Amino acid sequence: MADQEFDIDAYFASQSEGKSVVASTPENQHCGFVAIVGRPNVGKSTLLNNLLGQKISITSRKPQTTRHRIMGVETDGNYQAIYVDTPGLHIEEKRAINRLMNRAASSSLSDVNLVLFVVEGTHWTADDEMVFTKLQKANFPVVLCVNKVDQVKDRNEVMLHMLELSKRMQFVDIVPISAKQGKNTDVLKKHVRDHLPKAVHHFPEEYVTDRSQRFMASEIVREKLMRFTGEELPYSVTVEIERFDYNPDTDGFHINALILVERIGQKKMVIGKNGEKIKTIGREARLDMEELFGRKVYLETWVKVKSGWADDERALRSLGYIDDL
């Protein structure tokens with residue numbers, strides 16, 4: 001096997017299919033829940049956004065970007081897949097927020113019809129092994145999604161990695177993908193449809209996510225915070241939307257976002273020299289919101305120090321982290 005070159009591009013081309021054009025009726029509908037799981041930073045949120053054809057889950061190069069379970073719905077003719085993008089499962093549980101994120105991810109595995117197990121190319125860690133062990137013990141059909149294959153120089157290594165994992169667990173399908181480039185996600189959608197049970201659709205065809213515009217606004221601000229700040233902040237910052245109003249006079253949304261950090265040094269980091277960093281964060285967040293909401297957005301941001309919020313379950317409950325459990 002090692003002497004044969006595995007042509008992933010040919011594999012993409014040979015299996016890609018278009019969307020269904022069959023009219024949907026209750027008698028022939030298929031619908032099911034699909035959990036997207038994996039360790040932090042393997043591309044789960046990018047994959048969800050690609051599968052849905054629009055951005056509903058924030059992405060970042062930093063691990064543990066997703067803190068909540070995000071539900072996205074993709075309807076294609078008779079088939080409706082209800083995807084759940086989970087926080088990355090990880091071994092480290094020192095803080096209350098980390099424990100809650102693990103619980104949120106684990107609880108997403110209850111009552112699902114299919115699991116997409118996302119791994120990063122040929123890179124395998126202790127966190128991957130932990131997720132793998134959980135899936136071995138669970139009684140769910142699992143599709144192995146080997147993501148970021150475009151970043152692996154030796155394509156034979158990808159094939160060998162898939163073969164090794166398939167020896168340890170019986171996957172219903174194994175699909176090499178590049179979620180960022182959209183490579184092979186049509187093939188993955190086909191495999192998902194093949195495993196959806198016959199059932200009436202849960203949501204209207206135009207429905208995309210269960211998350212409110214208020215929630216999406218907070219996630220967009222948090223994404224920009226992670227994009228424009230250092231490595232320390234993802235675990236120590238959250239965003240609370242204190243105001244989210246539509247004003248018919250301006251035909252726009254007026255949004256007040258409170259950024260909570262744990263230390264004064266972090267506050268200074270977010271604000272930046274002469275307030276330049278918080279201005280950049282606010283501007284980029286506002287542009288994304290306007291694109292998502294389709295209206296003018298008037299965004300104001302504040303930064304406040306709230307020591308120990310990530311270890312305070314009452315604070316986490318008020319911020320919506322425990323509602324996911």
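Think of each number as a place in line: the chain as shown, counted from 1.
A Cβ is built for glycine as well, from the same backbone N, Cα and C atoms used for every other residue.
The domain 'Era-type G' annotation in Swiss-Prot covers 30-198, and the record cites sequence analysis as its basis. Look at Swiss-Prot and you will find 38-45 tagged as region 'G1'. What Swiss-Prot records for 38-45, 85-89, 147-150 is GTP binding site, and it gives sequence analysis as the kind of evidence. What Swiss-Prot records for 64-68 is region 'G2', and it gives sequence analysis as the kind of evidence. Summarising the annotation, Swiss-Prot assigns region 'G3' to 85-88. Feature annotation from Swiss-Prot assigns region 'G4' to 147-150. Swiss-Prot lists 221-307 with the feature domain 'KH type-2'.
For LYS44 (GTP binding site), the count of additional Cβ atoms within 10 Å of its Cβ stands at 31 [all protein chains shown]. Counted within 10 Å of its Cβ, the other Cβ atoms near THR86 (GTP binding site) come to 25, all protein chains included. For the recorded site, GLY38 (GTP binding site), the DSSP three-state label reads coil. Break the region 'G4' (147-150) down by DSSP state and the numbers are 2 helix, 1 strand, 1 coil. Of all Cβ atoms in the protein chains displayed, 27 besides its own lie within 10 Å of the Cβ of VAL149 (GTP binding site).
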